[in-house]
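Inspection log for the structure reproduced underneath, given as structure tokens.
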Amino acid sequence: MAFAPSGPEASFFEVLDQHRASLLATLRRGGGEPAGGGTRLASSSEVLASIENIIQDVITSLARNEAPAFTIDNRSSWENIKFEDSVGLHMISHCTTRKIKSDSPKSVKNFALILKILSTIYKLVQSNTYATKRDIYYTDSQLFGNQTVVDNIINDISCMLKVPRRSLHILSTSKGLIAGNLRYIEEDGTKVNCTCATGKGVPDLNTRLLVKKLWDTFHIPVFSLVDADPHGIEIMCIYKYGSMAMSFEAHNLTVPAIRWLGLLPSDIKRLNIPKSTLIPMTKRDQMKLDSILKRPYVTCQPFWRKEMEIMGDSKMKAEIQALTFLSSDYLSRVYLPNKLKFGGWI
């Protein structure tokens, strides 16, 4: 929720200090720290033992003339996802599962690919070496078919073993960027350090881990600046509340303290941004917006809902670059300083 600082001459520091104090007060009340549970960093010996247990189960099934199968939590059903404001989207303790069977024509290939990647992970952990998801894909690109298959299997294995992906010695090919010691300069010449992180669209795991680490370590205010379109909102939601696909690791990735700084759909009208600089929403955009509006966390974000309804009613979206209509440096010289100084976030 946005708030106004006490007094018209309140400085950037005063506003941010007020916001930081409110975040810390929430933490002390128990409303901002992870509620526990979820995946944890596992030692190499624990990961190796878990894989050995899985393979032992496969061998035991074969010895009994039974078709082995993997049991994996169903990460694609909202029935298995719980929302908590202090954590975001995370899996419930006793969720429904799905079977990856070795005797089913529909799943036998997936069963074999899981075994193959488990073998790769075992060798990586045992030798204390690392590989990227892309490296694994290129070990047999024709067999895997595409990178998405590898990504999904790695997430399934991480969920099945109940350990974070980084404990599997598998790295993301990072696309994110971070710039530290950036400076915001007030009218009186006061310089304020800040850090800017971007996942270049949908954030990769490493970028999310970094933002989470900054929050956990320093409890500094974290703001989201995204395009005023459904996909921009989706990106912000992933940082703040997580995603279904990685809900089993939400406690390690989400930063519920994030606030939406801009670009707000209401800013478009407030700043008289001409329609010629806006972009009509597509059917896909509308479907994405409708999907977000149905998510459980929207009920506790009435200001977010109002902004999304403004977007849906206008049937228009805007990129951050639309602000250049006002001036080439409007974003850095006017928009951000005023937003930060006067608490213009939700």
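Just so you know, the numbers here start at 1 and follow the chain as drawn.
Including glycine, each Cβ sits where the backbone N, Cα and C put it.
Annotation source TrEMBL lists active site, O-(5'-phospho-DNA)-tyrosine intermediate at Tyr138. Within 10 Å of the Cβ of Tyr138 (active site, O-(5'-phospho-DNA)-tyrosine intermediate) there are 13 other Cβ atoms, across all protein chains.
Model confidence over the domain 'Meiosis-specific protein Spo11' (2-44) stands at 58, taken as the mean pLDDT rounded to a whole number. Summarising the annotation, TrEMBL assigns domain 'Meiosis-specific protein Spo11' to 2-44.
For 109-170, the entry in TrEMBL reads domain 'Spo11/DNA topoisomerase VI subunit A N-terminal'.
According to TrEMBL, the domain 'Topoisomerase 6 subunit A/Spo11 TOPRIM' annotation covers 191-340. Secondary structure of the domain 'Topoisomerase 6 subunit A/Spo11 TOPRIM' (191-340) per DSSP (helix as H, G, I; strand as E, B; remaining residues coil): 88 helix, 21 strand, 41 coil.
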